[in-house]
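Copied over from TrEMBL, here are the features:
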DOMAIN    41-290  domain 'G-protein coupled receptors family 1 profile'
TRANSMEM  25-49  transmembrane segment
TRANSMEM  61-86  transmembrane segment
TRANSMEM  92-118  transmembrane segment
TRANSMEM  130-151  transmembrane segment
TRANSMEM  207-226  transmembrane segment
TRANSMEM  238-261  transmembrane segment
TRANSMEM  273-292  transmembrane segment
Amino acid sequence: MASGNLTRVTEFILMGVSDRPDLQIPLFFVFLLIYGLTMAGNLGIITLTSVDSQLQTPMYFFLRHLAIINLGDSTAIAPKMLVNFLVSKKAISYYGCAAQLGGFLVFIVAKTFMLCVMAYDRYVAICSPLLYMAVVSPRVCILLVSLTYLYSLTTALTVSSCVFSMSYCSSNVINHFYCDTVPLLALSCSDTYIPETAVFISAGTNLFFSMIIVLTSYFHIVLALLRIRSSEGRRKAFSTCASHMTAVTVFYGTLLFMYLQPRTNHSLDTDKMASVFYTLVIPMLNPLIYSLRNKDVKDAFKRFLSNPCQSFKLM
């Protein structure tokens with residue numbers, strides 16, 4: 001099972017978050033709660049931004065798609081992870097591993113560039129408010145989201161193909177709780193130069209260009225805020241960006257820590273903890289970050305609770 005070419009491998013063994021037997025049940029309930037909150041929060045965002053007439057703006061259109069991506073990201077990882085807490089053999093089939101890696105990459109790359117799109121949206125809203133609805137028109141919104149999904153799918157297919165072109169000759173045990181590029185590269189006994197180079201060039205390029213977009217957008221936003229003479233106006237304008245800035249800082253900081261360090265300095269156990277954060281915890285936190293301090297969303301939620309039938313009639 002663990003020797004020969006990759007095509008002979010029928011399954012991999014996932015070591016999980018911890019190999020301590022006494023922690024499996026407590027961890028199951030912890031991550032079940034996290035996944036449940038992720039589902040509830042992001043489905044809530046999707047529902048409110050779909051049915052409430054006050055939330056039919058580009059900002060909430062992009063937020064809805066970020067919530068969809070958060071759901072996909074967590075669902076690619078959490079169900080199999082939860083099952084493995086309850087079974088003794090934490091196995092995943094060869095094709096299941098490939099599908100999980102592909103799904104994870106689709107949603108993580110989509111999230112990276114959806115945050116860029118949202119930064120651009122805030123840049124136009126604050127720096128060119130009179131042109132906002134013309135520049136960020138419904139057609140442009142659909143185009144930006146479509147390009148994000150198309151690029152993430154292309155990247156996932158390319159990187160997954162590189163990773164699964166390798167062979168394994170001594171072990172099929174993955175030191176992780178899901179099929180990710182770094183532990184799979186560490187597992188291979190064949191020459192990993194080409195797939196490893198492809199993976200890290202892809203990750204580095206995506207991070208570099210997406211961060212350039214975000215930093216450029218916020219540089220101009222800060223300049224625009226400094227030109228606002230009224231402290232109340234400055235505070236109101238900043239409040240529309242604060243949630244996004246928080247989400248961007250947490251997400252990009254974690255990815256930089258994960259992927260832009262030399263392989264010799266990688267600790268897979270440290271990577272595991274970072275992966276828990278950005279695959280499961282961040283998707284749970286995003287609805288809270290974007291909603292709890294957002295008056296429009298809170299008002300929409302109150303309207304939905306007071307008359308849900310009327311809300312759905314508006315769709």
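Glycine is no exception: its Cβ is also placed from the backbone N, Cα and C atoms.
TrEMBL annotations: computationally assigned, not manually curated.
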>> Should anything in the same chain at least six residues away from the transmembrane segment (238-261) have a Cβ under 8 Å from its Cβ atoms, list it; otherwise answer none.
In response: 59, 111-112, 115, 118-119, 122, 125-126, 182, 200, 203-204, 207, 210-211, 214, 218, 221, 225, 271, 274-275, 277-278, 282, 285-286, 289-290, 293-294
>> Assess whether the transmembrane segment (207-226) lies in contact with the transmembrane segment (25-49), where contact requires at least three Cβ pairs under 8 Å among residues 6 or more apart in sequence.
In response: no
>> Counting Cβ pairs closer than 8 Å, which of 61-86, 92-118, 273-292 has the most of them with the transmembrane segment (25-49)?
In response: 61-86
>> Same chain only, please: residues at least 6 beyond the ends of the transmembrane segment (130-151) with a C-beta under 8 Å from a C-beta of the stretch. Say none if there are none.
In response: 58, 61-62, 65, 109-110, 113-114, 117, 120-121, 124
